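Data block below; observations after.
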Amino acid sequence: MERLTVVIFVLVVSSICSTFGQTCEGNCGKQLDSCSCHSTCTSLSSCCADYKEFCVDIFPYSGSIFGGTDFVILDASFNESSNIVCRFNNDTNTLGYVDENGQGHCISPLLYQTGWVPLHISSDNGTTFSQVGAWLSVHTGKLDSKFKATLDNSTKWQYYGTPNVGGTLEMAWNTSLVRAERVNIELWGYRETGEPYSEHWQAEWEYLYSLAKDHPNDGSFSFLPKPAENGFSSWELGAIRVSSSANPDGMRNVHAVWTEDHALAWHLEQKFRDDSAVWALDKCLAWDQLENQLPNFLSEIIDCPCTLAQARADTGRFHTDYGCDIEKGSVCTYHPGSVHCVRAIQASPKYAAGQQCCYDSTGAQVLTADSIGGSTPDRAHDWGSPPYRTPPRVPGESHWVYDVLSFYYCCLWSDNCHYYFKHRPSSDCRRYQSPSSAVVFGDPHFITFDGVSYSFNGKGEYSLVTSADKHLTIQGRTEPVNDMIKATKLSAVAMREAASDVVEVRLLSGHNSLQVLLNQKALSFTEQSWMDLDGVFVFSPTSTNVTVMFPSGAGVEVRLREGTMATTVLLPEGFKDSTLGLLGKLNGDAKDDLILSNGQLVQNNSDPQELFNFGASWAISNTSALFTYDSTYLLETYYHAHRHDASFVPVFSVPENPDDPLYNQVSEICSGQGSQFCRYDILVGRNLSLGNATRLSYQSHISLVDDLKRVISCGWLSPPTNGKKEGTTYLQGAKVRLSCDDGFSLQGSSVRTCQENGQWFGEETTCVVPNNLPGIVAGSVIGAITIIVMITTIVLHSRKQKRKVCAASAPEEGMSSEAF
């Protein structure tokens, strides 16, 4: 019966729309007078009759930034005479087609940007573009390997021509990714031309030459590389494309599968193969000279966190570097000795530079001054940065050109890393400041940024965080646990920073997964776990885990635990003294955390009624609401009602009844700090699993706060000239032992200790040549005395002999020895 009612409703709406001539052509995203072209119309059964014809969905919805993905236009009508043209980002056209089932298809183009790209579709060969959708362009490093052609032993490809590396190269691909019986294997190259940081700085992908033509589409190809001819060896970065042999050589934007971008060692000139180290050194020196002329970007990038724990906890500003991930076995090709690296999520404001931070197995930061595997800043952020499209903001490729190829020149193809690290030194963590964290969890309980904990079980929509200075708004919606229990839980969080997209995370029906909405339209993470949105990034590796990251460094983590949303907000130092709402005033002073929306301070933090009034004061208004209302329940319960339901009065205190069958189990589950929250959720919420989840959420927050504690760093300590050091940790309490090479003596301290004030204890250490002046003087004196004694002895002996001669020749009478 209900289904019949829906069908009748749709027919009525269609009739009305037809009568009044209202159509979704040119109106996608809008609410019309008698029907809707907004994304919420499907669940509200209010769509105009032609909604799906003009406001289209596609499958798949994402693909490589290199292009070549064939996707289907869902639900739209086409016929054999339709000439489909697909326009991406309002300026790049590709040719589509209609398949044997009458479905329309588009081919994604090679783009110079990531994120959601506007899609317009024409069925009349480009005369009109009446159908509207969106395409997600994905950084090749974040694309699942099943959508890429793979290089067998990619290290061999990128070291080909260096000593002892040669032979046949092999690659493979999934044949279903290329709709053809025979294929061409093409090499495409990338470079950037024009004066850096000028309007003439341009990015360029070009077809170079074919490795094979009319090759069977059997999913594999091997060849023996030769040095490229006709000057093509000057292209040092590129990717291989596999596409139908029916296409002309180098035809752009055709159905294809691509390899990863990589260093083209295997096609470089013969000089590289003759002596790769000399060739690479020349390139390294040329890069060194170029870097000397380019502006210094190091001063504007964020400092690295001091420890691995901090780096993994600061999710608003740092994210796993997929090239060195502890969760995937720590395969750190470019950072030997490291177990995990993170990248700063946001590029620097002026030069679009990036920061990378790497850590060893002890959790200490690895610095390039100590190891080739150390953290390195990047002139171009690997993930690019808005508005993309031109250097140094082209995702992936700009980073390759300015930061990766140079690493090959100086470090991998030759042994001259000192040139590279001169321009890419690790930044230590002396200027790093951890973010502050606050959390909402359970039924629901709150811990503010300054550590005040309380419970608020109001029903409605409230402001969790508002910052006028930073233009950040985070709102929370609560709903009753069930019809029988007078307690609520968080069921949705919506947020926006400045003019960014609005992101909402909410519990799905059944409360076993989370749903993410972008500007009130549901997002699917079935194909991609990371999305670049407008002014915000979203990461959702599973349906129970969502992280939202804003340009300010603010981060919001939502975790699903036993049907409730544990929501953590992380704010960097710049938000100090600028926040209000249910998560408090961030200023390091817990006494003024709970301020009502009218500016009054809560006088008694232990009075549940006063806390309830405080929470109610932060109910949002219709004009400020960021939430999606796409069901009758949401419209009636929240949109058309008071945002704080004053008629809902929760249970304020935990009932203490020894006869309660759950009473004894509470003491087993709930203990230690935060036990009051666990007890409430079991004895009031009547749910042991919920109580246990609340306990885990509380402990997780305490661990997070501990991980984010400030760590004192004394900064890198250099070994003395003509000496060495033992120890590469420079945090409070760390000791570094210093010694001298043979033939030198140590002056100063042999052990330096990092102190609480961030200074090294001990005297500066130097290694000097031993001073032998006293020995030389003593030896000279002894030598001189010896000579004098010898001379004196000779003189005395000579005189004695003379006396003997005189005595023998004198008269015998009248002469004695005394008279002589």
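Note that Cβ sites are derived from N, Cα and C of the backbone, with glycine treated the same way.
Annotation in TrEMBL places Cys740 in a disulphide bond whose other cysteine, of Cys678, Cys767, Cys806, is Cys767. A mean pLDDT of 96 is what the model gives for the domain 'Sushi' (712-769). Sequence-distant contacts (6 or more apart, same chain, Cβ under 8 Å) of Cys740 (disulfide bond) comprise Pro720, Asn722, Gly723, Leu746, Cys767.
Across the domain 'Sushi' (712-769), DSSP helix (H, G, I), strand (E, B) and coil residues number 0 helix, 24 strand, 34 coil. Shown for the domain 'SMB' (20-59): DSSP residue counts in helix, strand and coil, namely 9 helix, 7 strand, 24 coil.
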